[in-house]
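Visitor: Got these off TrEMBL a minute ago, pasting:
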- 25-47: transmembrane segment (TRANSMEM)
- 106-126: transmembrane segment (TRANSMEM)
- 138-157: transmembrane segment (TRANSMEM)
- 169-191: transmembrane segment (TRANSMEM)
- 198-216: transmembrane segment (TRANSMEM)
- 222-240: transmembrane segment (TRANSMEM)
- 317-333: transmembrane segment (TRANSMEM)
- 340-362: transmembrane segment (TRANSMEM)
- 382-400: transmembrane segment (TRANSMEM)
Amino acid sequence: MNGATESQHIEQAQLEVEGGERARFAYPTLVLAIVSLLYAALVASHWDTGYIDFGDGNYMYLSWRMSEGAVLYKELLAPQPPMHLLVGTALAKCARALGVPMLYGFRIFSLTVHLLTAWLVAAAARRCAWGISPSMKPWVGVGAGIIYLALPIGFWWSLGYQSEHQEIVWLLLTFLLILQGGKTALVGAGLCAGFATLTNMTAAPYALFAAGYLLVRRKRVAWFYVVPFVVLVLGVVGVMEWRTGAYLENVIFNQVGSFPRRELLPPGENVFTYALGKIQREGMDVLRLEGGFILLALVGLGLALRTKQSLPPIAEFAVWWAIFSMCSIVYVSKGGTMDYIFCLGEPYVAAFAAMAVAHVIPPVQGIKWRELFLDTTPLSRWVLFLGLGLVTLAAPIGFIRATLAQRSYELDAHTTEQVVNQIRRRVPEDGLVLSPPYYAFLAQRRIAEDYSEIFLWSLKYHNEKLDGIRGRGVETVERIARLLNEKKIAFVVLDLDQTGRIPEIREALDRNYIPVRQDELRTLNTRLMFYEPKR
């Protein structure tokens, strides 16, 4: 009987421990779930046809055209690997099959991806919460997830259909699986790193860093990561090049060509000074919006590293991965890339900022309110904590409010609808338009020669002219000019600073088209003029 009673006590104790573990995770999970629902409601309530960003419109246009049978890279110029656009093609087809407006199919997907990322950030923060009590780790994860959703650059950028947010999911999965460390986990990490690289080439340095770390620190198992990564990436690249004959041109050579040439820079400036100047300008924008959180993250990293004896060996990888991710701002040195690229570092800003906050909360929790009449010093901790929150959140809240009011959009919904309605009215369903891709996507009208990637097409044209070659850029411009001379393009919404600076197109417009308004339309970053064929 005593043995049976002792066994029952042991089982009861085990059940209590398991119940405590479940409770320890249940409340934080519930809090993050509620915040996620509130975030989703906030974002969805502001969905409309507002023009968020050029890239968003371009990727949706390309996805729509691929869903109609256009061949990526061969017929459509695209700067990124195929994963993002293949997913977009599937979304376009699903929206068409379900009768859902295509725009909102993309918006639902983007919101879902951003919320999934917040939960992965929470998991990463829990794994990296070294030196923090087990009871606090779930709350560190919740804090990281909430901070991630509050970061203003990611908030704005995730509203559109951008490749970076799918890339971030794959990179976070790579990070978490490498932290887990088993052979099966490393195979999964290699595949996730491969998918990240096949979504956006900015993932390649991180994937290679992980490979280098494993080859140096964990030689015996490194190949479980390296082999799947190499096989997947080379396999997809090989298939895409074989099928299209233009993958390397689009994803590698066009990207290299987007770095500025001396001939296209202002007098007295070279590539090096251009890159440094742009990193400084865009970096200051990031610090203005997220500097408080970045400072907290650096403090969190410092606090995590202060007791080396308590750190697991994998902490070395985690810290360097986080630091390199926060250095993603250097990507702005490439033409067409702006401060939004810092979204690659935001998951780790959120994770380590939450750890810094966790080191402040325990003494705050220890305040005995009845003793405040004798000594108000503990209350100062609350004041400092609230002051820290005010300083950190002031700029992000202002930017998020401006974003929801569409002041950080390329163009507000009302004016966008006016442009789109003109295209629908003037261009038959099987006709051609020459316009930025978002307007064509909403109007469901094809752009002449699928000239949607305006910046890269213009850069490609100018580079070929400087090199004295007649490549794809020059040939495409000549075909568009021919269509304009024949008045086969029913309506033109001309970007005056990009397409409008190409002589062949400008001359064909002046000969054969007339403006339909007196003043140009100014958006956040462009100047537009509207033309119709002469009668």
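Note: Cβ is positioned from N, Cα and C throughout, glycine not excepted.
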Visitor: Before we move on, state whether the transmembrane segment (317-333) and the transmembrane segment (382-400) share at least 3 Cβ pairs under 8 Å, counting only pairs 6 or more apart in sequence.
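Guide: Contact between the transmembrane segment (382-400) and the transmembrane segment (317-333): absent, because fewer than 3 Cβ pairs are under 8 Å.
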Visitor: Taking contact to mean three or more C-beta pairs under 8 angstroms, with sequence separation of 6 or more, is the transmembrane segment (222-240) in contact with the transmembrane segment (340-362)?
Guide: no
Visitor: Looking at the transmembrane segment (138-157) and the transmembrane segment (169-191), are there 3+ C-beta pairs under 8 A, with each pair at least 6 apart in sequence?
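Guide: No; fewer than 3 Cβ pairs under 8 Å.
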Visitor: Under 8 Å, at least 3 Cβ pairs, sequence separation 6 or more: does that hold for the transmembrane segment (106-126) versus the transmembrane segment (382-400)?
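Guide: In this chain the transmembrane segment (106-126) does not contact the transmembrane segment (382-400) - fewer than 3 Cβ pairs sit under 8 Å.
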Visitor: Mind checking which residues reach the transmembrane segment (25-47)? Cβ under 8 Å, same chain, six or more beyond either end.
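Guide: The answer is 104, 107, 111, 115, 118-119, 122, 138-139, 141-142, 145-146, 149, 159, 404.
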